[in-house]
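See structure below.
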């Protein structure tokens, strides 16, 4: 058996903060796992160092399921983003090791490919509708078959999903959280105009997506869904705060627009009721925050029973290690829907060389043994951790609101 003899946490900031777990075995094979939790990176790093790594030494790296259960059930204080991100990092690293020892890419260990490639969607954003459509046309020219649309709202200085750079979006700021002002009425007026302009310019052969980011009430989300139905949205993401899961039933009663949720979910228990009551169309749970490949497969299997597809979170707050793991999962799972893909900064790609590729709107994890991603530790050491926080929202009267 390949015995775990050591493990360490690597923290680096090549454009943004990433936490990586590296597990070493007595056979000279190592595996990598992403342990990044945006804005709470050091909490996961400490959890791994103090509470997880000591429990890994001497264990059989091939016993992925047993180690998953050990870390989950042995924690007693189960679930939550810190615990599940730490477990996910271990899980990814162990799949990486297993693939390297077997000489196979991880997707082959998951049952093989269910498709030739993974359809991904890019992010088109701009301060105006015109700017956003221009960027969307650029993505379409690059071969993207699905594009997320976000644009600035007149009268609001800053809006979620809109970056200063048309490709690289990183909302976290150094020092203390930025406080933005939010107006729901203005937002509800601009989004249908954005979709109308996009359809007129891009046509009907491209999927259009939108992220509400938890900021609407159920009835507001239903209204927006109705307004967007003529433009055939691929999905509305995070229409309302996911803690109130019964709210999705009310949204369902008012619109046929497909609903997606789950990027903040940490376990199958967070998604179970939404799936079994068929209140969503896409489950957005991601590898690093939902317990790794092992647990995400369980969530997907449950969703498959109800014809609900996957649509994993894939923003730049996940490292290329997680992106690779997601693509192996996507390629193998039968009820795959779509994969979010935000390109990383060149500095990030240099620190994390990877085998996955993009062509004609599709991605593939590559056929290198394991996950097909590595870390240049010398280069990573040159990018020191920088404390950063995600923004917060306030209504115009000063009331705290969902970002």
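Each residue, glycine too, has its Cβ placed from N, Cα and C.
Of the residues 193, 229, 237, 243, Swiss-Prot places 237 in the same Mg(2+) site as 211, 263. Per Swiss-Prot, the candidate among 59, 63, 232, 284 that belongs to the substrate site alongside 38, 123, 263, 313, 317, 340 is 284. Cα to Cα, residue 263 (substrate binding site) and residue 213 (active site, proton donor/acceptor) are separated by 10 Å. Mapped onto three states, the DSSP output places residue 263 (substrate binding site) in coil. Counting other Cβ atoms within 10 Å of each Cβ, the recorded positions 123, 213 show the lowest value at 213. Spatial neighbours are here defined as Cα atoms within 10 angstroms of one another, and by that definition the neighbours of residue 211 (Mg(2+) binding site) among the recorded positions 160, 313, 317 are 160. Cα-Cα distances to residue 237 (Mg(2+) binding site) place 213, 284 within 10 Å, out of the recorded positions 38, 160, 213, 284.
The sparsest Cβ neighbourhood within 10 Å, among the listed binding-site residues (211, 340), is found at 211. Among the recorded positions 160, 213, 315, the residue whose Cα lies closest in space to that of residue 123 (substrate binding site) is 315.
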